[in-house]
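Asker: Relevant sequence annotations retrieved from TrEMBL are reproduced here:
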- 39: active site, nucleophile (ACT_SITE)
- 102: active site (ACT_SITE)
- 39, 249, 250: Ca(2+) binding site (BINDING)
- 1-315: domain 'Sulfatase N-terminal' (DOMAIN)
- 39: 3-oxoalanine (Cys) (MOD_RES)
């Protein structure tokens with residue numbers, strides 16, 4: 001889902017009333033990022049609080065290539081990584097994942113082996129359908145038991161886009177919340193639905209209801225589901241004891257646009273790129289009675305912060321034996337403070353860019369290769385910016401391309417190398433980059449588990 005897909009972020013059709021209400025009752029984050037422009041490393045970062053180059057979700061077989069875990073990859077999240085649900089157990093939390101896991105398909109990478117107590121969903125997205133003999137359809141699990149497969153037992157109609165998966169995932173969430181409330185058990189719910197990932201789907205009730213086509217139908221159903229979850233918390237009387245955060249794992253996939261792709265607003269490019277459209281995400285924090293209603297924050301945030309913030313909410317400290325990249329957002333959320341921190345934009349094994357306050361410096365630029373582009377694969381359709389959206393890997397380490405994201409959120413006008421502003425800002429950013437490189441020390445458990453390079 002993209003930054004521009006919600007009414008609260010300016011989507012003109014205004015078809016997300018529940019998420020918009022969530023924002024009006026809570027806090028909108030305008031400068032919130034993912035840790036990677038692709039789903040597997042982003043999810044690994046969320047659950048470990050660590051950049052993908054630290055937790056193992058990056059490629060080593062090709063420079064600056066994104067990586068993911070398809071069915072035929074044998075690796076997954078390393079045992080050396082400590083995931084959020086593992087740590088929350090210390091405070092008595094019961095944890096459930098609903099939907100897409102994407103951190104490994106083999107039994108040793110199963111969510112229940114990494115801290116989750118319950119799982120309803122799949123190791124991967126709903127790709128397919130596949131040939132059952134050569135490459136079976138993606139399985140769906142309830143805890144340890146495989147209960148079916150996408151397209152077979154869980155129908156997805158590629159012609160109409162009809163599928164009931166979001167409704168199934170919604171009911172799983174409502175039932176889990178009810179069960180934990182009844183037992184007075186603190187809980188962590190990771191609701192990781194995938195309806196807006198191509199091939200996009202929605203249930204019959206939502207099909208054909210959006211001005212934005214099938215993608216809009218899927219967004220409307222997600223919005224409706226979030227509204228039902230928040231209302232359920234209120235009906236059970238536990239909303240003031242429950243912190244809820246809504247965001248996405250990467251920007252909208254413009255390669256699927258316009259029929260099955262979303263909107264990244266004014267930002268450049270989309271999923272798979274380290275331009276703003278690939279990594280800046282919609283984000284809303286909701287906690288009635290604690291978060292002042294109608295808040296808007298310009299705090300630079302990242303999905304890795306949800307790891308650290310969740311531990312803080314549970315009264316726990318992050319592990320001290322490893323580098324943690326996420327920060328505790330509670331001072332920003334509850335007190336309106338702005339914490340000075342950088343955002344690093346990684347693509348595979350390479351730091352492509354860094355943001356410090358309102359400035360973003362690109363050390364490498366690349367959208368996708370000429371070979372892929374010539375086949376019709378375009379991550380920046382209609383958005384070519386000469387010298388910026390490059391189809392070869394362009395190195396700018398000696399003279400990074402520098403943008404002021406306040407004046408130029410679309411990354412169209414790099415600052416002049418000869419300007420005093422450029423020299424002054426790059427001196428500051430260079431210090432931040434050098435400090436970051438010191439943390440990338442040998443000896444970290446940087447196991448490559450996603451040696452499947454893509455574009």
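The chain as shown is numbered from 1 upward.
Using the three backbone atoms N, Cα and C, a Cβ is placed for every residue, glycine included.
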Asker: Once near-sequence residues are set aside, which residues in the chain of residue 102 (active site), 6 or more away, have Cβ atoms under 8 Å from its Cβ?
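Answerer: The answer is 39, 40, 43, 68, 69, 123, 124, 125.
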Asker: Suppose you look only at the domain 'Sulfatase N-terminal' (1-315); what would the mean pLDDT be?
Answerer: 96
Asker: Given the Ca(2+) site residues 39, 249, 250, which other residues of that chain have a Cβ within 8 Å of the mean position of their Cβ atoms, reported in sequence order?
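Answerer: Those within range, site residues removed, are 34, 36, 37, 38, 40, 42, 43, 248, 271.
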Asker: Same-chain residues six or more away whose CB lies under 8 A from the CB of residue 249 (Ca(2+) binding site)?
Answerer: 34, 39, 42, 43, 46, 281, 303
Asker: Using a 10 Å radius around its CB, how many other CB atoms surround residue 39 (active site, nucleophile)?
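Answerer: That number is 25.
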Asker: Other than its own, how many Cβ atoms are within 10 Å of the Cβ belonging to residue 250 (Ca(2+) binding site)?
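Answerer: I count 29 other Cβ atoms within 10 Å of it.
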